[in-house]
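Visitor: Here it is: the structure, laid out below.
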Amino acid sequence: MPATLQELHGVMSDVPPTASTLSRSVSDYTTPDIENLPQVSPSLSLREGDKQSTPPSYLGSVLCLIGVLFFSFTQLCAYLASSRYSASEITLVRSAIQTVGATLFALVIGVNPIGPSGLRLMCFIRGFIGALANLLLLYAVAHMPMADANAIFFTNPIFTTVYASLILKQRVSVLELFALCIGLVGSLLVARPTFIFATENETVIGDPDPGVLLINIFGAALAGAVPVIVSFIGSSVHYVCLVFSFGACGALESAATLGLGLDTRDAPAAVGSSTMGYVFLVGTGLFGMLSQFFYNKSLQLEKPQNCAILFQTNVALTFLWQALVNVDELSSLSVVGSLLIVCSSSAILGGRVVTSRSASSVMSEPKVERIEISITASQLKE
């Protein structure tokens with residue numbers, strides 16, 4: 001028998017809904033009231049990034065200038081001690097004091113003075129090259145006019161700029177090139193090499209040995225590589241390790257120079273030296289150690305070519321201290337050269353201050369680290 005409508009309705013109620021059963025008139029359903037729809041309340045919250053305390057960009061330049069100031073004191077003490085001690089003896093004492101001081105400081109702060117494993121070779125290379133460059137300068141000073149040797153040696157910022165561009169791929173700005181040129185001119189005016197400033201009334205020593213010139217230029221090239229090496233190592237090595245490596249290598253090299261007889265002792269024996277001679281000798285070591293602490297730390301913060309340019313300030317400061325000791329060495333060209341060197345360093349430092357202020361103004365703006373969006377819905381009204 002055919003099913004009645006009531007039976008068919010009971011069967012269909014047990015069957016899951018299909019497309020045919022869903023094709024019913026919209027009017028069969030109750031149209032919901034819009035007011036009874038869930039009330040959506042979106043909210044937006046911005047989370048500012050944690051502000052990181054970054055040092056100002058000019059901090060490296062300031063530390064470099066402090067290191068240069070101590071280095072000029074080192075040069076002054078070495079100049080006063082040179083009447084009783086040879087250059088290798090002064091270097092040996094300075095390096096020994098620096099090595100001991102760096103070792104004690106490293107033990108206090110809990111740092112291995114020879115550097116972390118994997119980077120000890122780089123620390124040794126930095127110390128060896130720096131000490132060798134200083135030793136070659138002393139050799140050149142002993143075999144050619146001191147002004148000529150210093151003028152050639154302080155061309156090392158040119159080598160630093162070239163190394164930084166080729167190895168570190170750092171761009172050299174117009175301001176840095178300007179400061180480099182001004183600093184080199186100032187150094188020439190202070191040193192007054194005989195191959196430029198010789199006159200008829202001056203007694204000029206004959207042309208120096210070409211081998212000595214090559215040694216001096218090679219020393220300048222090595223000195224120009226030191227800032228690049230320290231910058232390449234970066235902050236992965238504590239700067240006290242770099243100070244230790246320079247002192248240890250300097251002590252070994254100067255001791256070898258004395259042992260091999262490459263630098264004879266023209267000065268009287270240390271037993272017959274005066275008390276002031278000891279003071280100047282120890283002062284060379286203490287000021288040299290402080291200079292290396294500040295200088296190596298600055299190289300981890302500042303561009304290597306900028307540190308090399310700022311280090312030319314040592315020429316002006318050393319001239320100033322020597323002029324105070326011996327007024328006869330004062331000349332108008334030296335004064336002009338010192339002013340040019342000061343202008344060169346001021347240009348670098350001023351540029352870093354401006355850069356730091358621009359960076360600080362950008363960092364002062366709120367930095368959004370994450371956007372959080374939350375959506376809440378209220379229940380339907382019954």
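Each residue, glycine too, has its Cβ placed from N, Cα and C.
Taken from TrEMBL, the feature domain 'EamA' applies to 60-191. Per TrEMBL, transmembrane segment is recorded for 57-81, 93-111, 123-143, 149-168, 175-198, 210-230, 237-256, 276-295, 307-324, 330-354.
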Visitor: Please give the sequence-distant neighbours of the transmembrane segment (276-295): residues at least 6 beyond its ends with Cβ less than 8 Å from one of its Cβ atoms.
Guide: 63-64, 66-68, 70-71, 73-74, 77-78, 80-81, 83-85, 90, 93-98, 101-102, 239-240, 242-243, 246-247, 307, 311
Visitor: In terms of Cβ proximity under 8 Å, which residues at least six beyond the ends of the transmembrane segment (330-354) contact it?
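Guide: Residues 57-58, 60-62, 65, 173, 175-176, 178-180, 182-183, 185-192, 197, 302, 306, 309-310, 312-313, 315-316, 319-320, 323 contact the transmembrane segment (330-354) from elsewhere in the chain.
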Visitor: Mean pLDDT over the domain 'EamA' (60-191): what is the value?
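Guide: Over the domain 'EamA' (60-191), the predicted model scores a mean pLDDT of 86.
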